[in-house]
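This report concerns only the one structure given below.
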Amino acid sequence: MSVESFERFLSRRVLSMQESQTMKITGLAKKMQAEGKDVVSLSAGEPDFPTPENVCEAGIEAIRKGFTRYTANSGIPELKKAIIRKLQRDNGLEYAEDEIIVSNGGKQALANTFLALCDEGDEVIVPAPYWVSFPEMARLAEATPVIVETSIETGYKMTPEQLAAAITPKTRILVLNSPSNPSGAVYNEAEVRALMQVIEGKEIFVLSDEMYDMICYGGVRPFSPARIPEMKPWVIVSNGTSKSYSMTGWRIGYLAAPKWIINACDKIQSQTTSNANSIAQKAAVAALDGDQSIVEQRRAEFEKRRDFMFRELNTISGIECTLPEGAFYIFPSIKGLLGKTFGGKVMKDSTDVAEYLLTEHYVATVPGDAFGAPENLRLSYAASIEELAEAVNRIRKAFS
């Protein structure tokens, strides 16, 4: 029997899911680089900086001391306490140890939440552009993603009116990702409070993905909905060490939420992966409790790169950028390029544009289709200024 014949045995939940486009494009770019092609990759969703030395040393020390066995399923107390201190220091949030769970990366923390709260028929409101995994995680939990399209005019932020229109009796979760991957949008306090007023009293949970909270620009700071006392019982805060501390491969994410939700996620995790990596947990303590000046140094470097990309891309005909307030992506509208012919092919959507840039000009980007925004591209500026300048030059040439 062929592979295709056997695929009929796959579950409905798998068949309904899509592969992560960011991982797909990044993998293709790395393959081309391995073949000797001079690809400038702006597709990766991870910092180009190394993990801080003190964090690496903490991991090495954990290995040398034999801290290599199972830990408590929900994380070691030492790390939970460090997370609590971080949330107090950086986010103005107060949590207890039994309101924290440590997971194998932010993805697992988010997936645990959907599995804990959603049943078949429930609806999850997801503003677009969205991180690629949000709708797929909702589907994995047998819920239905309800996509709310935002626009460049609103800075890619959902309005209270849009939220109100999307709510039905089946609404279970509102996903709020601030700073946003892919747009870099950050909801300020007034905007968050306005959204929360719409759902207050409606028994709707808020999944607040705050993974990029320490990478913001121009004095902007994200406001967590968990800071609103009457909403805190309905908010699940998701975060991790991946982005702020360049620890994507260490796989440490966490949730802060009401105890009963944490207990449910703990149960799910105990039957899937068990605890997060013991060595990485020790390293994460060093990251959260160590000298934070390196986080600010790297944030400042990202800001320089953001300013460069915003300035240069906006000089290319057919491309329009908003200024990202956080994260390390720029999400230009390429509406002005669509319908035109480049490289002998009509650019129908962002996938065509991304494929053209990669195959003809060796610049890896991620098509906006993956984020629910077919007229945009996501470009990561987690690369050196020299690499960014080369990428911009190639993009300019591609569309000249």
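Positions of Cβ are set from backbone N, Cα and C atoms, glycine also.
Record note: Swiss-Prot gives Trp131, Asn181, Arg378 as L-aspartate-binding, and the candidate from Gly27, Gly36, Gly45, Gly290 in that site is Gly45. In the structure shown, the C-beta of Arg378 has more C-beta neighbours within 10 angstroms than that of any other entry among the recorded positions Lys243, Arg378. In this structure, the recorded positions under consideration are Gln18, Asn181, and the one with the smallest number of other Cβ atoms within 10 Å of its Cβ is Gln18. Same-chain residues with CB within 8 A of the center of the Gly45, Trp131, Asn181, Arg378 CB atoms, the L-aspartate site residues themselves not counted, are Thr22, Val132, Pro182, Ala327, Tyr329, Val366, Phe371.
Taking CA atoms as the reference points, Trp131 (L-aspartate binding site) and Gln18 (site 'Important for prephenate aminotransferase activity') are 13 Å apart.
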